[in-house]
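Listed in Swiss-Prot:
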- Gly77, Ser80: Na(+) binding site (BINDING)
- 37-57: transmembrane segment (TRANSMEM)
- 67-87: transmembrane segment (TRANSMEM)
- 98-118: transmembrane segment (TRANSMEM)
Amino acid sequence: MAGSAPEAVLVGLGAIPGAWLRLKVVNHFQPMVPKKHWGTFLVNVVACFALGLVLALNETCTASTGIALLMGVGFFGSLSTFSTFAVELLNELRAGQLLTALVLAVASIGVGLLACAVGYGIGTHA
């Protein structure tokens, strides 16, 4: 059943509110010039935590594949945004802000991985 129409519908139904929430969060932080990356950072960290949790629950509680597709692939997959993260890094590098780009990259990957591990840990003990 991989790639079936019902699975695509579940992913799509989850993706719509996830993408909308990402837009709202990123736009909320965008006018705050000193904190211009916080919106992207926040949605990515939240999505990492949630995907870790969904993965663990799917493994330990035999959560429905439909729930994993709806929430994991759809909602949290569209909430996170690696491409925007990459563009923000590129913009910092183009502006000569090597230290800012380095801190952003290390913090985003490190905190994202930690959030994913915490979500997974919570999910395995649920």
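Glycine is no exception: its Cβ is also placed from the backbone N, Cα and C atoms.
Taking Cβ pairs closer than 8 Å, the transmembrane segment (67-87) reaches residues 7, 10-19, 21-22, 26, 40, 43-44, 46-48, 50-51, 54-55, 58, 108 in its own chain, all 6 or more past its ends.
The number of other Cβ atoms within 10 Å of the Cβ belonging to Gly77 (Na(+) binding site), over all protein chains shown, comes to 19.
Reduced to three states, the DSSP call for Gly77 (Na(+) binding site) is helix. When other Cβ atoms within 10 Å of the Cβ of Ser80 (Na(+) binding site) are tallied across all protein chains shown, the result is 21.
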